[in-house]
Amino acid sequence: MGILNLLLLTITLFLPLLLLSSTAYNVGDHVPLFVNKVGPLHNPSETYQYYEMPFCRPDRILEKKETLGEVLNGDRLANALYELEFAVNKTGVVLCNRKLDRGNVAKFRAAIMNDFYFQMYYDDLPFWAFIGKVEDESWGVDGKGPKYFLFKHVQFDALYNGNQVIEIRAFGDPSHVLDVTEDVDLDVEFIYSVLWNDISTPYKNRMDRYSQTSMMPILRKTRWFSCVNSIVMIILIMGLLAVLFMRHLKNDLRKWSVGDEEEDKEVGWKYIHGDVFRCPTNLPVFCAVLGSGTQLLTLVFALFILAFLGILYPYNRGALSTAIFAVYTLASAVAGYSSASFYSQFVETGWQRSILLAGVLFTGPFLFTVFILNSLAIYFGVTAALPFGTIFVIFVIYTLVAIPLFALGGMVGHHYKSEFLATSVTKKYRREIPSLPWYRKIPAEMFLGGLLPFSATVLEFHHLCATIWGYKISTLPTILFITFASLVILTAMLSVCLTFFQLAVEDHEWWWRSVLRGGSTAIFMFAYCIYLYFKSNMSGVLQTFFFFGYSACMCYAFFLMLGALSFRASLMFVRHLYRGVKSE
């Protein structure tokens with residue numbers, strides 16, 4: 001693939017997402033069916049290619065060409081022996097006859113013991129079924145323990161409306177099973193049946209079934225309750241700010257304007273007006289946090305827009321992964337601009353370093369984590385392992401698109417920077433910060449600044465984790481958006497409130513502290529991820545590494561997003577606070 005083709009691939013990354021077309025069939029027409037993968041129910045990252053199990057296989061296995069998002073999702077589609085013609089009923093069709101040696105029997109037994117399922121796609125509709133069942137006979141007379149049975153007969157139930165496929169399900173027939181409890185050679189005849197029925201559901205609503213399955217009515221009411229809880233908490237905090245905070249601030253401003261020397265001493269934040277706009281320490285790193293956090297915020301809001309437009313929907317295979325990669329790559333310009341423009345407001349030279357740090361601040365740890373996990377996936381032979389060709393394409397696209405966009409955004413931010421709006425003059429010498437009690441120090445403020453936003457959004461965060469590490473599908477983007485908007489508002493309001501309390505005790509080093517206060521919500525998120533892991537049935541080295549590795553990356557992304565947001569809110573407040581104050 002030449003460079004021109006790679007550029008064209010990058011430009012058209014979104015086009016597959018926009019093409020949602022339906023396929024019409026006549027009776028007896030071939031409908032594409034692909035087998036995908038098999039894996040244990042409780043370890044979503046531990047999935048293997050379908051034909052790694054000794055199922056019936058065609059003489060020549062043809063792998064389907066997949067998009068970038070499908071590969072990132074771990075999909076490995078291949079052709080199948082099953083023939084499910086449109087609207088044609090079949091009963092007891094022999095798929096193949098196989099002789100299972102002891103090794104294959106042991107492999108099937110181990111899979112059944114670990115609740116293995118298989119996944120297939122029929123007309124781009126996903127469906128699942130277990131490969132066997134366990135019957136506990138320890139209560140019997142012989143007391144030999146559980147027995148393991150392999151389903152020999154797969155029943156397909158398909159629904160159609162007119163000339164379009166609406167729904168497909170599969171399940172193993174419990175009356176046609178093979179006992180694989182003992183390690184002995186077995187002959188097995190695999191068969192399948194297909195039953196078609198007409199239905200009135202229109203084609204455009206055929207994905208609603210997955211929404212209804214993953215989000216029951218009671219659960220949906222609970223999620224709406226979580227939204228209401230977040231809104232109520234916002235209202236309460238706004239009331240607290242109005243009653244305590246604004247009232248206190250107006251009194252301080254009144255005392256300052258009157259100029260009463262005796263009352264003047266009660267106003268603490270006025271004494272540090274010459275230090276609040278002092279350049280923060282480690283300015284390149286600070287600007288990189290702002291740039292990377294702004295880039296991730298852009299990514300999140302772009303995904304919400306795509307979801308509301310209907311481009312991202314449940315089980316749109318690979319669309320979400322493709323969109324994340326494409327938007328994050330294109331948003332590199334936002335990161336470069338944000339970091340360079342803020343850096344250049346304080347220092348004329350060295351802005352290139354802030355761009356470089358913005359480019360590696362999140363991407364560096366994330367790629368290191370992916371490298372470790374991908375090596376582990378290759379060792380275990382799971383479908384989560386990325387092929388070398390995919391890694392090469394991602395590397396080339398990121399090099400040819402993201403890096404130039406970082407540089408372009410940085411140059412634009414440097415050349416078109418605005419003056420830093422400091423509403424008071426910074427003094428030459430730094431004012432000494434008085435000794436503070438423990439509850440006014442960074443750990444206590446991080447605890448308060450992270451606990452309240454997390455407690456208001458914990459239920460939706462639980463559903464997000466269930467979507468990533470379970471089989472729940474987040475099909476309510478409206479609720480998710482309201483919850484995220486609540487998180488943004490709560491983080492901004494708490495940042496403003498805690499920044500004022502910090503300035504009131506004459507502590508002018510609020511820049512980095514505002515970032516830490518906002519980002520501290522991510523610490524609670526990661527702690528909740530640890531709790532979820534130990535409450536789940538996930539097990540094994542592979543699943544443990546994948547869970548904690550990607551959970552840490554997700555929480556780190558939230559830290560950068562909310563930290564950048566928290567600082568922006570505090571900066572706006574500090575400028576407004578000192579705008580009405582006359583410098584001495």
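Note: Cβ is positioned from N, Cα and C throughout, glycine not excepted.
Given the structure is predicted, the values throughout are model-derived calculations rather than measurements.
The signal peptide annotation in TrEMBL covers 1-24.
Residues or ranges marked as transmembrane segment in TrEMBL: 223-245 (among others).
The annotation transmembrane segment is assigned in TrEMBL to 296-315 (among others).
Positions annotated as transmembrane segment by TrEMBL: 321-343 (among others).
Residues annotated as transmembrane segment in TrEMBL: 355-380 (among others).
Sequence annotations record features per position, and here TrEMBL assigns transmembrane segment to 386-408 (among others).
Same-chain residues lying 6+ beyond the ends of the transmembrane segment (479-503) with a Cβ under 8 Å from its Cβ atoms: 223-224, 226-227, 230-231, 233-234, 237-238, 240-241, 245, 249, 268-269, 272, 276, 300, 304, 308, 440, 445, 448-449, 452-453, 456-457, 460, 464, 510, 513-514, 517-518, 521, 562, 565-570, 573-574, 577. Feature annotation from TrEMBL assigns transmembrane segment to 479-503 (among others).
Residues or ranges marked as transmembrane segment by TrEMBL: 515-534 (among others). If you look at the transmembrane segment (515-534), the same-chain residues 6 or more away from its ends with a CB under 8 A from one of its CBs are 286, 289, 442, 445-447, 449-451, 453-454, 458, 461-462, 465, 469, 487, 491, 494-495, 498, 544, 547-548, 551-552, 554-556, 558-560, 562-567, 569.
The annotation transmembrane segment is assigned in TrEMBL to 546-567 (among others).
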Intrachain neighbours beyond the transmembrane segment (321-343), with Cβ under 8 angstroms and 6 or more residues off its ends:
10, 13-14, 16-17, 67-70, 72-73, 283-284, 287-288, 290-292, 294-296, 298-299, 302-303, 306, 311-312, 350-351, 354-355, 357-359, 394, 397-398, 401-403, 405-414, 416-418
